[in-house]
Amino acid sequence: MATLVDPPNGIRNEGKHYFSMWQTLFEIDTKYMPIKPIGRGAYGVVCSSVNSDTNEKVAIKKIHNVYENRIDALRTLRELKLLRHLRHENVIALKDVMMPIHKMSFKDVYLVYELMDTDLHQIIKSSQVLSNDHCQYFLFQLLRGLKYIHSANILHRDLKPGNLLVNANCDLKICDFGLARASNTKGQFMTEYVVTRWYRAPELLLCCDNYGTSIDVWSVGCIFAELLGRKPIFQGTECLNQLKLIVNILGSQREEDLEFIDNPKAKRYIRSLPYSPGMSLSRLYPGAHVLAIDLLQKMLVFDPSKRISVSEALQHPYMAPLYDPNANPPAQVPIDLDVDEDLREEMIREMMWNEMLHYHPQASTLNTEL
């Protein structure tokens, strides 16, 4: 539970109060009353809370010492920029970003999201029975949210069950946009250690420079398979092993299906793998609906140019009971998400402060040089 504590050094900043949760100090706006910690990651701690002004339950994510690691600072800045613009019922809403007291010295960032009950990873791990209707509804919402994100010219690039938040009535929302990029960005290959390998498309594993929205479709296919089988379909131990597992299940690829590989060494590796006839997905998932298997086969295609698109997936017969072509408006404007990878800390700090001001316009009149 949350414990009210004295401020560090006994100095209380105006408009803030202080709580300890899981040995972590939260310095938060007084309108938020924390309930309990609900999650922890490399970034810090998340707690549930009530906004006493609106009586709404929210999740507060504390990102500790955000400038200690420049990559993490850039991830946070991207998330702020993106979620300020995205408005869709299958994308998590960022409600507030708390304003620090001092612009030039703040280290921690507090993000306030709508509160969800759990995530798809926890549901898949649980003993909760997942019917065909469950799988269909989760997949439909994931595709709807992704179609909207792609319409804003954005690749998510880190879709996995843990980044899909779910509430008690099975509403699903995509979260964690720290790795998202504009889909026309070139030459920004993904940093190995931050990308989740099991959901990574072949073209990323093969270090192809020219990738697009189909990388997210591959991840959706992996998530769909995990919903059907209650375990990840490709549990590789490292990059080459991941490729080997993919070929084992999909089967050895024809020469024309390797044309997209622009890295000669990577192409040689794929050709060197022992022949595999592949495995039948209907045998892997004997309880799955025949149309579910058909859609999964169209998502888990090695060659990205032959993989089904999000729009096509929504129009697949498996989605027919849920899909309404008139209920999927695109994002209003393509979002300029480009954040220079080489920004110095002072510039990241300045841009982050400006993002915070969108939620607290009155703060722009205050002295920010401290």
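Cβ from N, Cα, C; glycine included.
Note that the structure is predicted; figures quoted are calculated from it, not measured.
Residues annotated as domain 'Protein kinase' in Swiss-Prot, with sequence analysis given as evidence: 32-319.
Positions annotated as ATP binding site by Swiss-Prot: I38, G39, R40, G41, A42, Y43, G44, V45, V46, K61. Every protein chain considered, the tally of other Cβ atoms within 10 Å of the Cβ of R40 (ATP binding site) stands at 12.
Just so you know, the Cβ of D158 (active site, proton acceptor) picks up 22 other Cβ atoms within 10 Å once every protein chain is counted. For D158, the entry in Swiss-Prot reads active site, proton acceptor, with the evidence type sequence analysis.
Marked as phosphothreonine by Swiss-Prot on the basis of similarity to another entry: T191 (among others).
Positions annotated as phosphotyrosine by Swiss-Prot: Y193.
Positions annotated as phosphothreonine by Swiss-Prot, on the basis of similarity to another entry: T196 (among others). In sequence order, D158, K160 make up the list of same-chain residues 6 or more apart from T196 (phosphothreonine) whose Cβ falls under 8 Å from its Cβ.
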- [ ] Starting from each candidate's C-beta and looking 10 angstroms out, tell me which of the binding-site residues I38, A42 has the most other C-beta atoms.
- [x] I38
- [ ] Using only the residues recorded as binding ATP (I38, G39, R40, G41, A42, Y43, G44, V45, V46, K61), report the maximum Cα-Cα distance in Å, whole number please.
- [x] 14
- [ ] Enter the number of other CB atoms within 10 angstroms of the CB of V46 (ATP binding site).
- [x] 20
- [ ] Note down the number of other Cβ atoms within 10 Å of the Cβ of G44 (ATP binding site), including every protein chain shown.
- [x] 19
